[in-house]
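Below is one structure, written out as structure tokens; the observations come after it.
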Amino acid sequence: VVETLFMLLTEQGLLHVTAKMLQHLDNVIDIMICSSVVSSLSFLCTIAADRYITIFYALRYHSIMTTQRAVAIIAVVWITSITSSSLFIVYHTDNAVIACLVTFFGVTLVFTAVLYLHMFILAHVHSRRIIALHKSRRQATSMKGAITLTILLGVFIICWGPFFLHLILILICPTNPYCKCYFSHFNLFLILIICNS
């Protein structure tokens, strides 16, 4: 929104921007976009961790997850996201930055998948015990859990995967014509990330 607003003001002649100001503005907007990406992935992990604590530590949840801790976690995620994004934009020409982002995505994916899979296994075991107690043959609860897990991880991979594949291809084959064709869809990858929210 900020970028579009500045573009409209500049195009209409309502705002005069020098080349140096435009470079600084571009860096600020890039930091905002990168912060958004890093914080979104971080918050998906924190939500998974919160759900995990809710299920496995239900009786102690309110003592573990206090309002002060929640606020501290939110603040740490945003401060870390903004700081790391600023460093990423400053050193954007270094391949190590792209490798860090790809690694962060991989860690986020594995962490989220492991937590949700563990929760699903617990729910499945619990469902089997209930079925055994009531001599019932219904498997609907396990099926719902499997469908929910598939949707959660599937949507996560579909929405975030293309963007991170883009970053991986930048590292592996930046000049290959097939990779360049894939690079041309960068805006679509950003739209998919936004859709995940």
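Cβ atoms are placed via backbone N, Cα and C, with glycine included.
Curation plays no part in TrEMBL annotations; they are all automatic predictions.
Features as listed in TrEMBL:
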type     : residues : note
DOMAIN   : 39-197   : domain 'G-protein coupled receptors family 1 profile'
TRANSMEM : 28-49    : transmembrane segment
TRANSMEM : 70-90    : transmembrane segment
TRANSMEM : 96-125   : transmembrane segment
TRANSMEM : 146-172  : transmembrane segment
**Message:** So, taking each listed stretch (28-49, 70-90, 96-125) in turn and counting its Cβ pairs to the transmembrane segment (146-172) that are under 8 angstroms, which one gives the highest count?
**Reply:** 96-125
**Message:** Within the domain 'G-protein coupled receptors family 1 profile' (39-197), what mean pLDDT does the predicted structure show?
**Reply:** 85
